[in-house]
Amino acid sequence: MIENRPWLTIFSHTMLILGIAVILFPLYVAFVAATLDKQEVYAAPMTLIPGTHLLENIHNIWVNGVGTNSAPFWRMLLNSFVMAFSITLGKITVSMLSAFAIVWFRFPLRNLFFWMIFITLMLPVEVRIFPTVEVIANLKMLDSYAGLTLPLMASATATFLFRQFFMTLPDELVEAARIDGASPMRFFCDIVFPLSKTNLAALFVITFIYGWNQYLWPLLIITDVDLGTTVAGIKGMIATGEGTTEWNSVMAAMLLTLIPPVVIVLVMQRAFVRGLVDSEK
């Protein structure tokens with residue numbers, strides 16, 4: 001029997017509302033700043049009432065970019081989308097095939113290979129990133145989409161999650177496929193892949209956001225302004241030294257940068273939650 005405790009209900013709802021307010025208030029301030037002009041945004045204290053310059057600020061960065069030596073912001077959004085989508089597609093493909101080989105194929109040292117992949121989770125990004133940059137430079141892949149995406153396609157986490165899921169599939173599926181004369185790739189495409197759709201949805205959302213939010217990697221790989229990404233571009237808008245930061249333009253760029261991942265999460269919300277729940281069963 002569940003006791004009805006009004007004070008507990010009031011307390012839990014109050015904490016929930018406070019938590020939502022703490023999360024949403026900075027976003028609201030950013031939205032208000034994006035609607036103001038340069039003079040209004042520097043007023044002390046800054047107003048919390050939205051202004052009328054949102055479209056003007058968006059048009060300014062959309063056409064002129066985020067600085068004097070910058071590509072238009074639409075180009076940065078396109079670069080970020082290409083990078084995030086390529087990383088997502090590559091991670092899922094490589095991880096699924098790697099996990100499939102480790103679980104369903106019998107070859108010497110397969111467990112050793114898995115643990116070699118898994119142990120990379122223990123290495124901080126800072127330990128791996130500069131050797132990776134050196135490899136990319138030696139392969140002449142600086143200032144290219146290949147340099148932006150290929151090194152980030154391997155994922156020990158996704159490989160581990162797919163391996164754990166594949167290990168829950170009954171052996172009868174393999175036996176039935178063998179009796180029907182299905183090849184390994186036919187078994188993968190017709191049976192394993194359809195059963196993995198919920199896991200794919202969860203990993204797609206997580207990996208897309210991971211790729212979209214990349215900051216350090218594009219900063220090290222890209223010097224061509226036409227290949228710049230949004231996150232690195234926004235950081236470049238913040239002036240250093242005696243320069244003045246146009247915070248209204250910065251916040252307008254931030255709002256545009258938020259739109260693609262928010263759309264992905266909203267569109268795939270149900271599949272994302274289902275994938276997380278099913279992966280725990």
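Heads up, the Cβ atoms here are built off N, Cα and C, so glycines get one too.
Marked as transmembrane segment by Swiss-Prot on the basis of sequence analysis: 16-36, 85-105, 113-133, 142-162, 202-222, 247-267. The feature domain 'ABC transmembrane type-1' is assigned by Swiss-Prot to 77-268, with sequence analysis given as support.
Of the Cβ pairs linking the transmembrane segment (85-105) with the transmembrane segment (142-162) and spaced 6 or more residues apart, 3 or more are under 8 Å, so the two regions touch.
Outside the transmembrane segment (16-36), and at least 6 residues removed from its termini, the chain residues within Cβ reach (under 8 Å) are 46-54, 57-58, 247-248, 250-252, 254-255.
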